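> From TrEMBL, for reference:
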DOMAIN    1-359  domain 'FMN hydroxy acid dehydrogenase'
BINDING   Y24, Y129, R164, H254, R257  glyoxylate binding site
BINDING   77-79, S106, Q127, T155, K230, S252, 285-289, 308-309  FMN binding site
ACT_SITE  H254  active site, proton acceptor
Amino acid sequence: MEITNVSEYEAIAKQKLPKMAFDYYASGAEDQWSLAENRNAFSRILFRPRILIDVSKIDMATTVLGFKISMPIMIAPTAFQKMAHPEGEYATARAASAAGTIMTLSSWATSSVEEVASTGPGIRFFQLYVYKDRHVVAQLVRRAERAGFKAIALTVDTPRLGRREADIKNRFTLPPFLTLKNFEGLDLGKMDKANDSGLASYVAGQIDRSLSWKDVKWLQTITQLPILVKGVLTAEDARLAVQAGAAGIIVSNHGARQLDYVPATIMALEEVVKAAQGRVPVFLDGGVRRGTDVFKALALGASGIFIGRPVLYSLAAEGEAGVRKVLQMLREEFELTMALSGCRSLKEITRDHIVTDWDIPQPPRPFPRL
């Protein structure tokens, strides 16, 4: 069967993967309301396309933290990629590089920062979980810097792991042939079997619940790399992130895997963008499956988007070629959406190109003089 859109990879991944692995990737927290909402919310945003604009040339290029990329579509950090495919993070890194975009490597990758760097050139960010042992954190950040990673994406929504009932039922643990490669030498690379989710037990034992804004400041004392705060959903926290010296904000609900009944990220985006007041770029993570979704996020003020599950599903289905295809499909769909909306560059995408549920009806405007 020919694959014609990103969502079709999910069913293929489900067929190919062991149940424990697929469920780990696919599930959300508790009732999974936010999981469905991350997708559904996009359907409540409609287009106001502009016509009769010369769209023979379309430029999707942009810069993120000063790094030039081919399109505003980047790869979010996702853990344990070798559970999806033997090449795991290597394949994802090569696909991102080929597409001219950014890959974010998870702290809980099944390949180390050094191994991913060895795949060749590419702009890469490193997602960081803050462990109770700060020496571990400092060491990891230094290794990412040395390996040529360009930014730290600090995950701030996980003082404890969300309740993911599929993982509890499956007694989720990392397959015996895999380790958390970044922690292998520190005796933190193995995850024990537990009475519920092995990952939940690991997080309870290792991840620092006391993490606060002062730690964002501390992180800036140990690294020169820009810090993106990942997991912001409110205006209040957006303002605090800017005050704390964040270089950017990623609006994320952790793939709806932490607190259920939080809004879809596309619903929280505008509030965060307004609060940031243009002082730092704001990115969207969560629910993007179509080029139309990318356009909607940019129209609401995002500087770019990150995709997570589509990478895992396509990786499981077709390895590196699958991830390349997902990036290519999203790129082509986004370009088409721009053309049909009358936008030739990202700066031409405005709030006026969409209408949302929460918009107040506009009074009729006077006719323009031609």
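Cβ atoms are placed via backbone N, Cα and C, with glycine included.
Set these features in their place in the structure for me.
All protein chains considered, the CB of Y129 (glyoxylate binding site) has 22 other CB atoms within 10 Å.
Note on H254 (glyoxylate binding site): other Cβ atoms within 10 Å of its Cβ, all shown chains, come to 23.
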> Judged by the number of other CB atoms within 10 angstroms, which among K230, R309 is the least packed of the binding-site residues?
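Looking at the binding-site residues K230, R309, the Cβ with the fewest others within 10 Å is that of R309.
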> List only the single closest residue to R164 (glyoxylate binding site), chosen from the binding-site residues P77, A79, Q127 by CA-CA distance.
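That would be A79, the closest of P77, A79, Q127 to R164 (glyoxylate binding site).
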> Tell me, in order along the sequence, which binding-site residues from Y24, Y129, H254, R257 have their CA within 10 Å of D285 (FMN binding site).
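So the list is H254.
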